[in-house]
């Protein structure tokens, strides 16, 4: 490949990625941002115990949604041109499994409430389960929009769903409905989102279930769904243990710290996963281009994600004081450590996406088994020895580095871009982010002002430190970032 062609491919990759990242990032940031604003009102109207109760049930809904999908959406994205029969087969399977799982949740809800020792959980789970059927109804339509790289419509749908469900939840909380405000919010959010997706992407399934297609999809997906189930169960392990062995309030503090930390880092990671998969899949036949695209996306996303995560950690106290008030300050230490852990999320996502792109779901499952086995053993030992929520949060921070190594294990073999090389490419970004965190932490000790002024000063100083050090140490990536901002502004001006 000559230099001009290489530059052309790089430019195409960058534009496709940036355009997709813009709308997907806007969708996820909008979703998390709107959820964040709604969370402010709900946190002031409700008690930490209410958030703890809803957190106890999260794993059951999350695992059910994984089983409903069964990885078929990933298979549809992986295929170049899925047929109508394949779309329809996935649709009817999703819907059938959703109805079956709702029946199981309805029947076993009393057992869940006995496990936690909270009778109210049974009716809560039965109502929350309705969201499973509504979600299954629109899974294929969402996948079709993603295949078309039509993220703009998904952004609009997400905005409507969150705002309407959130406003309803705030009203219910104000009227004194307590934890049921949170239940209603989740069910309405899924219902509105699904109905709007079906309306905006007017696709009608053919009345046919193709067994041969199902077998082909299941052969690709079963390892993927097994690994996703493991990941979901493991990610909710702390919530289960805290809900079982500590108070509902403790789980409420933990859950809200996690939700706050999710606002930006998880949104960026979600955008990376959603956009990088279809973009990189187009170049899966050429390892050289795939490696170039992978490296470009990794550097671009990390240049933003790392300072954001470090910045959130450094401003955690002020954020919680302003947003939730004094009654939530117990969650601040959890939040600060979680934010640092989140700085590596995009690296995890890209390395795991690569295995799915090249069709190695067997290796994906193998990595998940290793990670979860290590994580489960260390979590149980930590809980037994320390019996502390903070100990579990700190363990997650250190486990992050172990899982990072495991996730990047096969990347060098696939595209010749090892985890060591990835870290070398990102070391200057981590250094700039760490320097920023150190400076704003010192500023926080020195400043005698209240949370508003302290937060504003930290943001200004933090931005100056990060951009200044990036200009000195990471000028090339900073230049690319500025070029992307200019490109987005030119696109906006053309539309106007």
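Even glycines carry a Cβ here, placed using N, Cα and C.
For the ranges 89-108, 189-208, the feature annotated in TrEMBL as transmembrane segment maps to 89-108.
Of the ranges 89-108, 297-314, 334-352, 373-395, the one with the most Cβ pairs under 8 Å to the transmembrane segment (53-77) is 89-108. Relative to the transmembrane segment (334-352), the listed stretch 373-395 leads the set 373-395, 427-446, 452-473 in CB pairs under 8 A.
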